[in-house]
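Asker: The structure under discussion is supplied below as structure tokens; questions concerning it will follow.
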Amino acid sequence: MEWKIKGHRGRAARISYRYRVLCSPHYYDYTCAKFCRPRDDRFGHYKCDEQGDKVCLEGWQGPNCETAVCKLGCHPEHGFCTVPGECQ
């Protein structure tokens with residue numbers, strides 16, 4: 001995170017200071033309120049970018065990257081896959 005500069009003025013004095021927020025692991029955003037922990041299990045297959053957004057691992061798609069991308073040519077209604085690149 002980058003440093004911020006803040007200041008306050010009173011009648012007879014003023015104060016200025018620099019600060020930065022360091023989030024705990026897997027927390028993002030300037031308030032550390034966004035959570036993203038990389039997964040590669042039945043709950044999702046993704047890594048987290050520098051903003052804490054999920055980035056699907058290759059061969060996975062969906063909001064939590066939980067849906068395998070089937071083999072090219074797999075029938076959209078009658079075919080399915082549980083592992084990327086397969087077709088059943």
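Any Cβ shown, glycine's included, is placed from N, Cα and C.
Residues or ranges marked as domain 'DSL' by TrEMBL: 21-65. Annotation comment: TrEMBL describes C23-C32, C36-C48, C56-C65 as disulfide bond.
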Asker: Between C56 (disulfide bond) and C32 (disulfide bond), how far is it from one CA atom to the other, in Å?
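Answerer: C32 (disulfide bond) has its Cα 22 Å from the Cα of C56 (disulfide bond).
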Asker: Kindly state the mean pLDDT of the domain 'DSL' (21-65) in the predicted structure.
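Answerer: Here the predicted model's pLDDT, averaged over the domain 'DSL' (21-65), is 96.
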Asker: Near the Cβ of C23 (disulfide bond), how many other Cβ atoms are there if near means within 10 Å?
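Answerer: Other Cβ atoms within 10 Å of C23 (disulfide bond): 16.
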Asker: Report, in whole Å, the straight Cα-to-Cα distance of C36 (disulfide bond) from C65 (disulfide bond).
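Answerer: Per the Cα atoms, C65 (disulfide bond) and C36 (disulfide bond) stand 13 Å apart.
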Asker: Roughly how many angstrom lie between the C-alpha atoms of C32 (disulfide bond) and C48 (disulfide bond)?
Answerer: 14
Asker: Ten-angstrom check, please: count other Cβ atoms within 10 Å of the Cβ of C56 (disulfide bond), all chains counted.
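Answerer: Total other Cβ atoms inside 10 Å, all chains included: 18.
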